[in-house]
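**Student:** Handing you a structure now.
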Amino acid sequence: MSRPLTDQEKRKQISVRGLAGVENVTELKKNFNRHLHFTLVKDRNVATPRDYYFALAYTVRDHLVGRWIRTQQHYYEKDPKRIYYLSLEFYIGRTLQNTMVNLALENACDEATYQLGLDMEELEEIEEDAGLGNGGLGRLAACFLDSMATLGLAAYGYGIRYEFGIFNQKISGGWQMEEADDWLRYGNPWEKARPEFTLPVHFYGRVEHTSQGAKWVDTQVVLAMPYDTPVPGYRNNVVNTMRLWSAKAPNDFNLKDFNVGGYIQAVLDRNLAENISRVLYPNDNFFEGKELRLKQEYFVVAATLQDIIRRFKSSKFGCLDPVRTNFDAFPDKVAIQLNDTHPSLAIPELMRILVDQERLEWEKAWEVTVKTCAYTNHTVLPEALERWPVHLIETLLPRHLQIIYEINQRFLNRVAAAFPGDVDRLRRMSLVEEGAVKRINMAHLCIAGSHAVNGVARIHSEILKKTIFKDFYELEPHKFQNKTNGITPRRWLVMCNPGLAEIIAERIGEEYIADLDQLRKLLSYVDDESFIRDVAKVKQENKLKFSAYLEKEYKVHINPNSLFDIQVKRIHEYKRQLLNCLHVITLYNRIKKEPNKFFVPRTVMIGGKAAPGYHMAKMIIKLITAIGDVVNHDPVVGDRLRVIFLENYRVSLAEKVIPAADLSEQISTAGTEASGTGNMKFMLNGALTIGTMDGANVEMAEEAGEENFFIFGMRVEDVERLDQKGYNAQEYYDRIPELRHVIDQLSSGFFSPKQPDLFKDIVNMLMHHDRFKVFADYEEYIKCQERVSALYKNPREWTRMVIRNIATSGKFSSDRTIAQYAREIWGVEPTRQRMPAPDEKI
């Protein structure tokens, strides 16, 4: 017999997480048992916690498969326009809890595991993150898949099944160390290998010109084997597919030409082909022109396009003969969205298939390609833009280079016709960049070959039209759009912050989960004492829970009553973790100067990974840990200030830290962060934002009201003016005593007594070549932080401001973003209609 439930536990069954019916719980226990014994071949005497996790995962997966098969059958019969989201990154995180939430199984599973003497939360912690992304771009793709399924779109995510995802970060002596992320070591219960759909991908070789046109011959072949992962919509019985390709060597690999005794070597060399899907490149907002990376980009594109065309051609009447030989209808049945330029080779590859294999005239093929493809830009940083050396493409993809040259020739003819005599414009707009090394500008290729080009926040889309893509905007203004990013409220509220989701549902019902604009109804509760109390209580519980987690995992003590000041994102100069550091040191100096004065206690937490080859980013991590070593051990400071570096920041850690945050740091130099999505997660979870007018911060402040936002610093126009005038760090150093003191401490080795010049590179950069103008925003940032502390002293007013932020965060649902892509780019209509469940008649 299980113990009787307390009233509070009984009430928890009235929940956004769905009811636990008795039959359901019994059934789940039965299936759990079956999987433990028959799938995992274990009994309770030898089963490990991981076995129990797998048994639960397979049990939950059973509830997906009927819906998955039914959804795919439905698409086959109805033949809707299909959306293909191509991305080199999908930063999924964990799948178990998200699946339970979307299928309304969470309560029943909780009860079933409890009755079996297991703790579901402990089992959830065993799952490895699927870390197939670096940061925002990959996580956006994952949120988009969730929204596309929730909105009933016939959508597919296509990418690479990296054997090793983003590295695990270990901090040793204050320095970042990288460890391989062997996430598949124990197997992945959520994927289904589909070897029967394996496809060939060609590399190298040469082009033969025949009477029938160009032929790409003498190529090396690598096989692409697909692994499918189900993507469930929110309680609508839709389950879409994410298909990730894995590289396999063909069976005759290197055996055609092996010499006597070369058989063993030929088999060992299969690894070379299979290296294509071995590891994710760990660069965020930085282009590294490596051949293996170019192979990855073509690999995903070539396999995916074959799959798309196979699906387009196959009829819905079950006959194997291709029925559609005419490609006129292709853009009516297929939309391809390019997530940044990484899959840009889809454009020449589709042209190659249409012209060389399907024998379409160039003009017709080009019309089909442009109508099918659309391109999302994610950055304006010049070092992040992909510019592939011509000699690399020529070696690896000789036919594609010819096609790119032809595209360029015809494109420049159009430009010349539109702007006669403007030779410099031709040079600027060419897909081919002349120079010491000839390069292909992949963004230019994407704009020329797409019918829509979008930025990811209003300010970013404007910057594209006014600066890096100005010439293209003048030629084809109709192509340019904005689609402000969003986040899925299923993972980023219901799943990671059930306490908050619950008290919201008690006031306005549960419909907001799939219609986030309904959060506006909370504006009428901004003076409701019981709601104010509930919001503050949930936040305090989340802070206590996160404090306990830090203590358990990292043996760090923090004061849960302090202001939790959090900056978690990739470590990059443009994101200005250094500005945060300068504030922390300034606070420290103020406490030391007036030790008896009252200071609002703060725990500053900074987390994020640095690209392994990015020296400055690694120095920034070392600086944060060095500041922590001084501040956290100074008895004068006590628990008024703590500095914590959050090791190995990833999706599953974000889900823990974001609900506990009081203050969200979004402090990039205006004009550098395309959108940001972490900012939205904090807003939805009841943190206030301190930030510059950059990316989506601008629209968040507009929605919430600037008076409910801590805005500081230069605007884009100010940055431009300062660039024209010339940014001189020295003048800020000379003028601002507190800043000067901080920099002198860094220079003198105050934070690195054993190596006094440890931070000389950082000081030198800040003083002499700081592209991101940290000093220019220092004064306003410090003043703004004083306003933050002052408000935090008044908990009621703080919480009222939090409620206003939560209530106005509805715009930042990825459901809104995807509905706009659907209507304005893909030409399909989203729907919240349910599919019939597997046990219902259609």
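Just so you know, glycine gets a Cβ as well, placed from its N, Cα and C.
So Swiss-Prot says this about it:
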type    : residues                                                             : note
BINDING : D43, Y76, R310, R311, F312, K313, S314, S315, K316, F317, G318, C319 : AMP binding site
MOD_RES : S15                                                                  : phosphoserine
MOD_RES : Y204                                                                 : phosphotyrosine
MOD_RES : Y227                                                                 : phosphotyrosine
MOD_RES : S430                                                                 : phosphoserine
MOD_RES : Y473                                                                 : phosphotyrosine
MOD_RES : K681                                                                 : N6-(pyridoxal phosphate)lysine
MOD_RES : S747                                                                 : phosphoserine
MOD_RES : S748                                                                 : phosphoserine
SITE    : C109                                                                 : site 'Involved in the association of subunits'
SITE    : C143                                                                 : site 'Involved in the association of subunits'
SITE    : Y156                                                                 : site 'May be involved in allosteric control'
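Describe each of these features in terms of where it is and what it packs against.
**Tutor:** Counting only same-chain residues six or more apart in sequence, the Cβ atoms lying under 8 angstroms from the Cβ of F312 (AMP binding site) belong to R324, F330, K333, V334.
Its own atom aside, the Cβ of Y204 (phosphotyrosine) has 13 Cβ atoms within 10 angstroms in the protein chains shown.
In the three-state DSSP scheme, Y227 (phosphotyrosine) falls into the strand class.
Here S430 (phosphoserine) comes close to N408, L412, N441, H444: these same-chain residues lie at least six apart in sequence, with C-beta atoms under 8 angstroms from its C-beta.
Listed in sequence order, L464, K465, F480 are the same-chain residues six or more apart from Y473 (phosphotyrosine) with CB atoms under 8 A from its CB.
Neighbour count (other Cβ atoms within 10 Å of the Cβ, all protein chains): 30 for K681 (N6-(pyridoxal phosphate)lysine).
Its Cβ placed at the centre, S747 (phosphoserine) has 16 other Cβ atoms within 10 Å.
Taken residue by residue with DSSP, S748 (phosphoserine) is part of a helix. Around the Cβ of S748 (phosphoserine), the same chain contributes P756, each under 8 angstroms and 6 or more positions distant in sequence.
Neighbours of C109 (site 'Involved in the association of subunits'), defined as other CB atoms within 10 A of its CB across all chains, total 29.
Take the CB of C143 (site 'Involved in the association of subunits') and look out to 10 A: across all protein chains shown you find 26 other CB atoms.
In the three-state DSSP scheme, Y156 (site 'May be involved in allosteric control') is classed as strand. Within 10 Å of the C-beta atom of Y156 (site 'May be involved in allosteric control') sit 23 other C-beta atoms, taking all shown protein chains into account.
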**Student:** Whose Cβ, among the recorded positions D43, Y227, has more other Cβ atoms within 10 Å than any of the rest?
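**Tutor:** Compared across D43, Y227, the most Cβ atoms within 10 Å surround Y227.
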**Student:** Could you find out if DSSP has C109 (site 'Involved in the association of subunits') as helix, strand or coil?
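**Tutor:** Where C109 (site 'Involved in the association of subunits') sits, the three-state DSSP reduction gives helix.
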**Student:** Just checking the binding-site residues D43, R310, S314: which sit within 10 A of C109 (site 'Involved in the association of subunits'), CA to CA?
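**Tutor:** Within 10 Å of C109 (site 'Involved in the association of subunits'): none of them.
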**Student:** Quick check on the binding-site residues R310, S314: which one has the highest count of other Cβ atoms within 10 Å of its Cβ?
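**Tutor:** That would be S314, with the most Cβ atoms nearby.
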**Student:** Of D43, R310, S314, which is closest to K681 (N6-(pyridoxal phosphate)lysine) if I measure between C-alpha atoms? They're all binding-site residues.
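**Tutor:** Considering only the listed binding-site residues, the nearest one is R310.
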**Student:** Of the recorded positions C143, Y156, Y204, S747, which one has its Cα closest to the Cα of R310 (AMP binding site)?
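**Tutor:** For R310 (AMP binding site), the closest Cα among C143, Y156, Y204, S747 is found at Y156.
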**Student:** Out of C143, Y156, Y204, Y227, S747, the recorded positions in the record, which is closest to S314 (AMP binding site) when you go by Cα distance?
**Tutor:** Y156
